[in-house]
Structures are given as C-alpha cells and as structure tokens.
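Okay, so here's the structure we're looking at.
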Amino acid sequence: MVEGNWTKVNEFSLMSFSSLPTEIQSLLFLTFLFIYLVTLLGNSLIILVTLADPTLHSPMYFFLRNLSFLEIGFNLVIVPKMLGTLIAQDTTISFLGCATQMYFLFFFGVSECFLLATMAYDRYVAICSPLHYPVIMNPRTRAKLAAVSWFPGIPMATVQTTWLFSFPFCGINKVNHFFCDSPPVLRLICADTALFEIYAIIGTILVVMIPCLLILCSYTRIAAAILKILSAKGKHKAFSTCSSHLLVVSLFYVSLSLTYFRPKSNNSPESKKVLSLCYTVVTPMLNPIIYSLRNSEVKNALGRTFHKAMGVRTAFCRHFEV
C-alpha cells in the first residue's frame, strides 16, 4: 500500500466471539466469569496459605507462589476485557491499551515458561540430591532463580511490542481475537513485516524450546533416580512430588504449542481462539486445583488455615456478644 492510503489508527475493535448468537455469548460470559473468580480465589489462596503456613515455606512452595502470581496476572490482563466484550458488547480498545495488553501477555507468558523450568530444576535437586537440597536451594539461591525466571519476559515483551506497534496500520482496525495477540494484530499492518515475523518465530521457538529442554533434562534425571529406588513406597513418594508439576507443564505447553506451532492451513481464527482459551483462561484455573487435590501438604495447610480463620471469627463474634 502507498503511504497516502495509510490511516492513523487510534483504537482497535476486538471481534472476540461476536459471530456467536447473543444467547451463547451470555452463556460464555457466565462461564468465563465463574472461571475467572475461581482462578483469582484459587491462586490467591495458594499465595496466602504458602505464606501463612510454616510447613509450606520450602523452595517448592516459594516457586508455586510465584506461579500463582503469574496466573493472576495473566487473568487480569485478558479476562476482564473479554467479559466486557461479551456482556456489554464493548469491543473497542485503545491503541495504547492494545499495546499494553500485548506487552503483559508476552511478559507473563515468557516468565511462566522459564518459571516452569525452574520448578522442574527444584524437583530435580529435591529427588536427586535430597541431603544437599536445603543447602543448594537456600533462600538466596531460590530468590535468584525466581528473578532469572521473571527477567526474560521483560526484553522479549519490550522488543516485540515496541517493534510491532511502530509499524503503520491500515484503516481496518478489527482484531479477530478476544485479546491483542501478535498474529491477528500483525494482519492489520500496511508494511513489510517479514523481518519482524522471522524474529517473532525464532523468539517464540527459543522461549518455548529452551525451558522445554531444561524440563526434559530435569525429568530424565529424575526418572533415572526414581528407577534406582528399591521400595515401591519410595518410588511412589518421589513420583508424587513431581506429578502435579508434570500435569501443569503438560497442560500449558500442549495448549501453547497447538496455538502457535500449528500449520497455517489448520489454524483458523476460531480454532485459535479456543486453543488460546486453554492456556490463558482454563489452565490458570486448573493449576491451584491440581496442586491442592494432588498434594496432601497443601490440603492439610488449607484445612489448618480454614480452622484458624474460623477460630478467629468465632472469638471475634464472642467478643462483641459480651
């Protein structure tokens, strides 16, 4: 397109699920609102319980708390706007708002990839070097590992968002998605984006593959260590400490890979929306449930915290009755 045909875009319109009938959109609103509230409640409980209960002050729960922060961030960036488009039909999002949403989407997504790899390393040390685990994963080391997990999201999000939004946009401003993701926004640009697309593909592969390889290496060593354990009870205990993390990793990486690495011929906008829902909306809800149901320490800590809160409430009520 020639420069004279470019139109300054001040806002975008998120198509979201506008092609669906109003009744279905209302049902989706109620469903996503329920998931959103469960996600916020579940991850907030994980954060509060791992902070309040002394038995959960180990490195594993420190990283789990970081994961819950990321999941809450993911939801706050995407879901409120999506709910608005469903119930109020408010599809508009400002130019700056779209760029901000994309920035934090990249930031939280990249950080989660590396944090899951860090959590796999933590399980590797716990199972393969149990006697040295408290020394290796001391408070200073785990704080550094958490910082290293969060840091890659900053340059990745900054470069990709700044570069993409520096391109000129055509007059069409309809983003065929329920949030400002890179591929649908890229289709609205009136310039040669070949170099950016190469960078985006390489960046995405590195961000997904490097943590994935680290996770694979950690669990290969873990599997070898578990096979050397003679007792069935010991094997079950060792595996149970990893099963929750393995399930969370599988859910996140499978949905992420299917979203961004499927052939274009099989990747329709509607199917991509459904797959995007998995890693942006559904997985953040399931993570605290998985860690709660499959971990006796978390379940016991939740019970203790609940009973303690009920005790405080009872004492408070009695005080005012007197």
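Glycine is treated like the rest: Cβ placed from N, Cα and C.
Under the heading domain 'G-protein coupled receptors family 1 profile', TrEMBL lists 42-291.
The transmembrane segment feature in TrEMBL is assigned to 27-51 (among others).
Feature annotation from TrEMBL assigns transmembrane segment to 63-83 (among others).
Residues annotated as transmembrane segment in TrEMBL: 103-124 (among others).
Same-chain residues lying 6 or more positions outside the transmembrane segment (145-165) and placing a CB less than 8 Å from one of its CB atoms are 62-63, 66, 95, 98-99, 102-111, 114-115, 117-118, 121-122, 182, 185-186, 189, 196, 199-200, 203, 207. Sequence annotations record features per position, and here TrEMBL assigns transmembrane segment to 145-165 (among others).
With a cut-off of 8 Å between Cβ atoms, the residues of this chain six or more beyond the transmembrane segment (198-217) that come close are 109-110, 113-114, 116-117, 120-121, 152, 156, 159-160, 163, 182, 249, 253, 256-257, 260-261. Summarising the annotation, TrEMBL assigns transmembrane segment to 198-217 (among others).
The transmembrane segment feature in TrEMBL is assigned to 238-262 (among others). Long-range contacts of the transmembrane segment (238-262) within its own chain (CB-CB distance under 8 A, at least 6 residues past either end) are made by residues 60, 67, 109, 112, 116, 119-120, 123, 126-127, 204, 208, 212, 215, 219, 222, 225-226, 229, 272, 275-276, 278-279, 282-283, 286-287, 290-291, 294-295.
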